[in-house]
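Chemist: This is the feature table in Swiss-Prot:
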- D172: active site, proton acceptor (ACT_SITE)
- I51, G52, R53, G54, Q55, F56, S57, E58, V59, K74: ATP binding site (BINDING)
- S37: phosphoserine (MOD_RES)
- S206: phosphoserine (MOD_RES)
- 1-31: region 'Disordered' (REGION)
- 267-270: region 'Interaction with APBB1' (REGION)
- Y108: site 'Autoinhibitory' (SITE)
Amino acid sequence: MAGQPSHMPHGGSPNHLCHVLGPAHPPDPQRHPNTLSFRCSLADFQIEKKIGRGQFSEVYKATCLLDRKTVALKKVQIFEMMDAKARQDCVKEIGLLKQLNHPNIIKYLDSFIEDNELNIVLELADAGDLSQMIKYFKKQKRLIPERTVWKYFVQLCSAVEHMHSRRVMHRDIKPANVFITATGIVKLGDLGLGRFFSSETTAAHSLVGTPYYMSPERIHENGYNFKSDIWSLGCLLYEMAALQSPFYGDKMNLFSLCQKIEQCDYPPLPGEHYSEKLRELVSMCIYPDPNHRPDIEYVHQVAKQMHVWTSST
């Protein structure tokens with residue numbers, strides 16, 4: 001394949017990844033008339049602008065020249081990642097996205113290796129994310145109406161329920177990973193830290209994710225399961241109501257932050273602005289013992305009921 005490096009960091013090779021992803025070959029529009037072809041190349045895209053970046057990746061808004069659809073093109077410098085685990089996470093992200101098919105989850109479209117980079121083609125959600133909406137309301141010194149909170153939260157719960165039903169845990173649910181389309185549809189993205197669990201085990205021990213949203217069992221690497229996503233959902237629901245994380249204030253002091261998380265020490269939500277049901281659900285999700293947190297089916301059911309109730313009042 002053109003552009004492959006002559007030597008590789010320990011733990012991976014282009015040939016190994018090409019075996020995982022499949023060989024690149026010219027697109028065949030007749031084979032997939034309504035979608036991107038199975039293997040694209042950079043020549044099939046007109047890149048417009050950079051819209052995001054990570055430690056080893058950059059995300060661009062691009063147009064697919066095959067069908068003129070606007071997409072997100074994530075370019076990952078996979079061969080510059082010195083640690084094999086980071087490379088495995090990128091391949092894992094592709095595997096997770098392939099399994100998931102839900103209107104509230106960013107859709108995987110294609111992937112290919114070119115110019116020593118792994119290119120992942122994703123559905124574009126171009127109207128911003130939940131963190132931007134929270135910042136906007138905070139700047140305006142306004143609270144988000146409860147009906148709006150449930151409108152978005154119920155969609156997020158639907159996405160997480162789909163993931164959990166496929167034995168996939170997100171592991172980094174936070175406002176910045178909850179994208180919103182121009183028509184108000186939630187799209188949960190950034191599955192790079194997600195972990196696929198077999199039916200035999202639901203425990204993992206690696207410390208990943210965003211500290212403000214990490215549950216006590218995750219911080220201490222004592223083993224955790226899908227209930228850690230429930231903790232993060234509770235933190236996100238709280239932040240939509242309070243306009244800040246429940247454990248905000250100790251970003252520069254990890255020890256103090258961990259203490260707050262262990263003790264579930266966070267300010268109460270204003271009872272005069274939000275329903276008892278919302279505050280109750282937050283406290284159920286942000287609970288120190290994962291065995292006593294509700295599952296995603298329960299959280300989603302409450303969200304659906306509250307969405308219907310607040311929409312009709």
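Note: Cβ is positioned from N, Cα and C throughout, glycine not excepted.
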Chemist: Taking the Cβ of the residue listed as 'active site, proton acceptor' as centre, how many other Cβ atoms lie within 10 Å?
Modeler: 19
Chemist: For each of I51, V59, count the other CB atoms within 10 A of its CB; which of these binding-site residues has the top count?
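Modeler: Buried the deepest by this measure is V59.
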Chemist: Below 8 Å Cβ to Cβ and six or more residues apart, same chain only. Which residues does that give for Q55 (ATP binding site)?
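Modeler: Non-local contacts for Q55 (ATP binding site): none found.
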Chemist: State the three-class DSSP label for R53 (ATP binding site), counting H, G and I as helix, E and B as strand, and everything else as coil.
Modeler: strand
Chemist: Could you tell me the C-alpha distance between V59 (ATP binding site) and Y108 (site 'Autoinhibitory') in angstrom, no decimals?
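Modeler: Here the two Cα atoms are 14 Å apart.
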Chemist: Using Cβ-Cβ distances, find the residues under 8 Å from Y108 (site 'Autoinhibitory') that belong to the same chain and are at least 6 apart in sequence, listing them in sequence order.
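Modeler: For Y108 (site 'Autoinhibitory'), the qualifying residues are I94, L97, K98, L100, I120, V121, L122, E123.
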Chemist: Among the binding-site residues listed here, R53, S57, whose Cβ has the fewest other Cβ atoms inside 10 Å?
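Modeler: Fewest other Cβ atoms within 10 Å, among the binding-site residues R53, S57, is found for R53.
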Chemist: Please report the distance from the Cα of S57 (ATP binding site) to the Cα of D172 (active site, proton acceptor), rounded to the nearest angstrom.
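Modeler: Cα of S57 (ATP binding site) to Cα of D172 (active site, proton acceptor) measures 17 Å after rounding.
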Chemist: For the region 'Interaction with APBB1' (267-270), what's the mean pLDDT in this predicted model?
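Modeler: Mean per-residue confidence for the region 'Interaction with APBB1' (267-270): 91 out of 100.
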